[in-house]
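**Student:** Residues or ranges marked as Zn(2+) 2 binding site by Swiss-Prot on the basis of similarity to another entry: Asp51, Asp99, Asn131, His234, His257. Look at Swiss-Prot and you will find Asp51, His53, Asp99 tagged as Zn(2+) 1 binding site, backed by similarity to another entry. If you look up Swiss-Prot, you'll see Cys66-Cys71, Cys367-Cys372, Cys379-Cys401, Cys491-Cys494 marked as disulfide bond. The feature site 'Transition state stabilizer' is assigned by Swiss-Prot to His132, Asp135. Swiss-Prot lists Asn167, Asn347, Asn361, Asn418, Asn532 with the feature N-linked glycosylation site, giving sequence analysis as the kind of evidence. The AMP binding site annotation in Swiss-Prot covers Arg368, Asn404, Arg409, Phe432, Phe515, Asp521. Taken from Swiss-Prot, the feature GPI-anchor amidated serine applies to Ser564, supported by similarity to another entry.
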Amino acid sequence: MQTPKRRRGAQGCPRSSPSPPLLLLVRAVWFCAALSVAAGSFELTILHTNDVHARVEQTSRDSGKCTGQDCYGGVARRATKIRELRAKHRHVLLLDAGDQYQGTVWFNFFKGREVVKFMNSLRYDAMALGNHEFDNGLAGLLDPLLKHANFPILSANIRPKGSIASNISGYILPYKIINVGSEKVGIIGYTTKETPVLSNPGPYLEFRDEVEELQNHANKLTTLGVNKIIALGHSGFSEDQRIARKVKGVDVVVGGHTNTFLYTGSPPSTEVAAGNYPFMVQSDDGRQVPVVQAYAFGKYLGYLNVIFDDKGNVIKSSGNPILLNKDISEDQDIKAEVNKMKIQLHNYSSQEIGKTIVYLNGTTQACRFHECNLGNLICDAVIYNNVRHPDDNEWNHVSMCIVNGGGIRSPIDERTNNGTITLEELTAVLPFGGTFDLLQIKGSALKQAFEHSVHRHGEGMGELLQVSGIKVVYDLSRKPGSRVLSLNVLCTECRVPTYVPLEKEKTYKLLLPSFLAAGGDGYHMLKGDSSNHSSGNLDISIVGDYIKRMGKVFPAVEGRMIFSAGTLFQAQLFLTWGLCVSLLYFIL
């Protein structure tokens with residue numbers, strides 16, 4: 001922070017009385033310093049959440065169902081910390097960067113009413129739309145969220161087309177100017193332009209380039225005399241950084257979508273930091289722009305303090321996400337409202353399906369980066385559901401299943417309730433209500449799909465394919481588009497099923513989520529037409545029936561997906577290089 005000039009800081013200082021001189025001198029110095037800061041700067045505290053995904057109740061360490069003592073998050077605990085920080089700081093904004101919808105039985109049952117109720121109760125100041133806010137179509141966004149929220153809902157890069165424009169006019173705003181004390185703060189929203197392939201917004205919404213639209217509205221705000229601008233949105237950490245670099249006038253970026261954990265210092269829980277908090281980006285016009293996210297699932301509350309000079313420039317930013325653990329009590333009024341709504345859920349969510357005797361790893365860190373045993377279980381269940389009577393040529397008509405890692409939304413802990421799996425827990429794993437469909441596809445297109453699976457591996461996106469009836473070997477040291485070293489599939493025209501090399505010109509049958517069959521997550525090569533695509537059963541019904549039939553499940557990680565020695569060598573090389581640089585730094 002820049003030190004104010006002495007003459008300016010001295011203006012208006014009271015004269016000291018002779019008695020008692022020391023006490024009065026201290027008070028005078030304190031008062032003058034406070035006056036100096038107030039005259040030349042403005043401090044803003046930004047509390048923020050992103051990717052909460054219907055975690056109304058407190059959760060386990062890995063954001064599944066919590067029944068023990070080691071619990072995190074939940075709206076009641078968040079309310080306590082927000083109230084505390086509002087009392088501590090004078091100028092506070094509470095913001096959400098999207099994806100409040102979808103993820104637990106709460107959303108499946110209440111369809112977003114729970115989101116509106118508790119966001120209103122916590123008095124959010126603004127929210128940006130995430131892709132999952134469109135999971136129930138535009139109608140499911142309009143009512144309840146858009147019609148009943150007591151706070152502005154923002155996205156500058158969504159443009160309605162045709163008659164739909166009049167239906168949502170005034171509900172989705174590009175920006176909002178909020179009076180904070182004597183200052184005006186502009187907040188511009190943005191939503192990932194990948195939303196049409198990630199969710200269900202329908203054909204009448206256009207998702208434009210984030211940077212271009214943000215710049216247009218930042219220019220408008222500047223013209224209106226607003227010199228403190230926050231970009232609040234849901235496009236992922238890489239896009240957040242691009243916005244910070246490219247958009248003139250944006251002072252702070254509050255993001256979401258990639259569940260990015262940023263932290264300065266030693267992390268307080270199991271999440272590994274992707275960088276410091278705030279993550280500082282130098283803009284193309286030479287400014288330092290803080291970029292923040294707060295992981296996901298309401299486990300943390302983002303906590304950023306920003307000091308602006310009198311021209312609206314950021315001169316200091318600091319903070320860290322606050323871990324909402326058991327040391328923070330739950331607000332009893334909010335807790336009572338949660339329990340009241342929970343009564344309606346009980347019969348729906350408490351149905352017992354079966355048991356697991358192993359941890360079903362459905363975490364982001366597992367299923368989006370490598371083979372996960374919950375992905376194996378899901379696809380094995382889908383194959384089992386499609387076993388038919390053999391004939392003279394085939395033991396079964398289909399042997400292969402894929403599911404995108406981003407479609408697996410929660411783990412199931414075998415140490416909770418003696419391994420009992422309830423409908424609530426299974427709904428948290430597969431919350432989207434999709435089907436597993438049958439597709440006929442050429443081997444060349446399937447190979448292309450597996451290249452797409454790892455084209456940006458390591459960024460935590462949801463495209464990585466979990467499989468059954470397929471064995472794939474990747475080399476991430478190669479360029480995207482040429483990373484599949486081998487792809488073997490389980491034969492069907494055989495008496496003893498074995499894995500054989502994929503034939504590019506052969507047509508195969510493949511089981512996959514309806515989301516992927518519609519081209520979701522960028523899998524345009526899987527998008528089928530009515531001649532080669534047959535709709536199947538509900539995903540949660542398929543997996544639930546399989547678990548019921550098995551009674552107890554214990555899926556393993558089996559080497560269905562392998563990253564080659566070349567990839568491992570590259571990782572070791574980067575690690576060694578990083579250690580050498582660190583060692584050299586300390587030596588010098």
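Including glycine, each Cβ sits where the backbone N, Cα and C put it.
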**Student:** Please name which of the recorded positions listed here, His132, Cys367, Cys401, Cys491, is nearest in space to Asp51 (Zn(2+) 2 binding site), Cα against Cα.
**Tutor:** His132
**Student:** Ranking the recorded positions Asn131, Asn167, Asn418 by other Cβ atoms within 10 Å, which is at the bottom?
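**Tutor:** Output over recorded positions Asn131, Asn167, Asn418: least Cβ neighbours within 10 Å is Asn418.
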**Student:** List only the single closest residue to His53 (Zn(2+) 1 binding site), chosen from the recorded positions Cys66, Cys372, Asn418, Asn532 by CA-CA distance.
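**Tutor:** For His53 (Zn(2+) 1 binding site), the spatially nearest of the recorded positions is Cys66.
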**Student:** Using a 10 Å cut-off on CB atoms, tell me which of the binding-site residues Phe432, Phe515 is the least crowded.
**Tutor:** Phe432
**Student:** Distance between Asn404 (AMP binding site) and His234 (Zn(2+) 2 binding site) at the Cα atoms, whole Å?
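**Tutor:** Each residue's Cα considered, Asn404 (AMP binding site) and His234 (Zn(2+) 2 binding site) end up 20 Å apart.
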**Student:** Fill in the CA-CA distance, Asp521 (AMP binding site) to His132 (site 'Transition state stabilizer'), as an integer in Å.
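**Tutor:** Spelling it out, the Cα of Asp521 (AMP binding site) and the Cα of His132 (site 'Transition state stabilizer') are 13 Å apart.
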**Student:** Which one is it: of the binding-site residues Asn131, His234, Arg368, Arg409, Phe432, whose Cα lies the shortest distance from the Cα of Cys71 (disulfide bond)?
**Tutor:** Arg409
**Student:** Determine which residues of the same chain, besides Arg368, Asn404, Arg409, Phe432, Phe515, Asp521, have their CB within 8 A of the center of the CB atoms at the recorded AMP site, and list them by sequence.
**Tutor:** Val403, Gly405, Gly406, Gly407, Ile408, Gly462, Pro513, Gly520
**Student:** Determine the Cβ neighbour count for Asn404 (AMP binding site): the number of other Cβ atoms within 10 Å of its Cβ.
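**Tutor:** For Asn404 (AMP binding site), the 10 Å Cβ neighbour count is 24.
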**Student:** Going by Cα-Cα distance, which of the recorded positions (Asn167, Cys367, Arg368, Asn418, Ser564) sits nearest to His257 (Zn(2+) 2 binding site)?
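**Tutor:** Among Asn167, Cys367, Arg368, Asn418, Ser564, Arg368.
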**Student:** I'd like the Cβ neighbour count for Asp521 (AMP binding site), meaning other Cβ atoms within 10 Å of its Cβ, all protein chains included.
**Tutor:** 24
**Student:** Could you check the disulfide-bonded residues Cys66, Cys367, Cys379 and say which one's CB has the fewest neighbouring CB atoms inside 10 Å?
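**Tutor:** The disulfide-bonded residues Cys66, Cys367, Cys379 were compared, and Cys66 has the fewest Cβ atoms within 10 Å.
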**Student:** Measuring CB to CB from Asn361 (N-linked glycosylation site), give everything in the same chain under 8 Å that is also at least six residues away in sequence.
**Tutor:** Cys367, Cys372, Asn373, Leu374, Pro411
**Student:** Below 8 Å Cβ to Cβ and six or more residues apart, same chain only. Which residues does that give for Cys491 (disulfide bond)?
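**Tutor:** Ser399, Pro497, Thr498, Tyr499, Val500 - these are the non-local Cβ neighbours of Cys491 (disulfide bond), listed in sequence order.
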**Student:** If you draw a 10 Å sphere around the Cβ of His53 (Zn(2+) 1 binding site), how many other Cβ atoms fall inside it, taking every protein chain shown into account?
**Tutor:** 24
**Student:** With H, G and I counted as helix, E and B as strand and the rest as coil, say where DSSP puts His132 (site 'Transition state stabilizer').
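**Tutor:** Reduced to three states, the DSSP call for His132 (site 'Transition state stabilizer') is helix.
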